[in-house]
Amino acid sequence: MRILGIETSFDDTGVAIYDNKLGLLVNELRHQNNIHSKYGGVVPELASRAYINQVAPLIKEIIIKNNISLNSLNGIAYTAGPGLVGSLLVGAGVGCALAYACNIPSIPINHMEGHLLSPMIENPNLKFPFLGLLISGKHTQLINAYQLSEYQILGETLDDAAGEVLDKIAQALNLGYPGGYLLSQFANKGKLGRFYFPKPMKYYSNFNFSFSGLKTFTLNLIKKHMYNIQALHDIACEFEYSILDVLVYKSFKALKKTGYDQLVIAGGVSANKKLINLFKKYALIHNKKLYFCSPIFCTDNAAMIAYLGMIYLKRGISKKIDISIYPKWSILNIKQKNHYL
């Protein structure tokens, strides 16, 4: 079985082909950093316009470059949500049109479920059930993953997502885009101990997060020390560590509650090396199995869409072409939207 995956949820154009026997055949990504960097963040209208110019040509490019016949494809998987409306429409439109032309199924995929299961691409031993931590620019969630399409959110951010506040602080420091990565590099020149930073909701009995107050605290501190470069490095270092520490502490607390021995870290923020090293340290202490992705699969990519499309297509065949998108599609409502279940 061979699936072509299309990822167009936010600002990166991804196209991949996954074969259930040969594995990942192709995984191409086109960034839009040069388009959005001068604005300090993603501009939805510009993102959707860029997708129009990128998706179909990229599909054609990888088909020709890798000598892959469209007749060898068994399905087209595309991100149907959550994400930006214009961006999702481009991917869904191209995916469904190609599926119709090839007379094969189109498979709508939940972007966040794609992230959650992306470690399976490289770790075939990872099986349900497990605890997942989804951390990105829009999501910070602890998820009890019972089985495919069946999830329970144990805790989530009550305000800003972890990736969002990392980007906001990077913007305040004029570090550019993408903010989270540049902030981490900036923080490498700082040291812990100079400033006291709060660890929001770390010891609360629930599994929720809150980073808005920490963001405000940090912004005020930056204004106070704006002309002291070493102080700014130290502030960035303390700020980043405060977020990572809370994420790790609450994850292992939730792991204890579920009784699972498998912990999955996924989403764009999971590319942070300091975060992974901290999780590795605690996984060793608590004798738990830790699963995460190579950096290329942490951020938005089409490999996870193609892989998940293959899993769903194995559950049943449908020739229905549905170009519906779900910009606010929750991981809790996958069965209501996916016509393969």
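Note: Cβ is positioned from N, Cα and C throughout, glycine not excepted.
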Which single residue out of Gly155, Gly176, Gly180 does TrEMBL record at the substrate site shared with Leu134, Ile135, Ser136, Gly137, Lys138, Asp167, Asn272?
Gly180
Site co-member for Fe cation according to TrEMBL, given His111, His115, out of Asp261, Asp300:
Asp300
What are the sequence-distant neighbours of Lys138 (substrate binding site), meaning same chain, six or more residues apart, C-beta distance under 8 angstroms?
Pro82, Ala161, Gly163, Glu164
In Å, rounded, how far does the Cα of Asp167 (substrate binding site) sit from the Cα of His115 (Fe cation binding site)?
20
What whole-number Å value do you get for the CA-CA distance of Gly180 (substrate binding site) and Asp300 (Fe cation binding site)?
14
Per DSSP, His115 (Fe cation binding site) is which: helix, strand or coil?
helix
Fe cation site, defined by His111, His115, Asp300: further same-chain residues with Cβ within 8 Å of the Cβ centre:
Glu7, Ser9, Thr79, Met112, Gly114, Ser136, Gly267, Gly268, Asn301, Met304, Ile305
So if I draw a 10 Å sphere around the Cβ of Ser136 (substrate binding site), how many other Cβ atoms end up inside it?
24
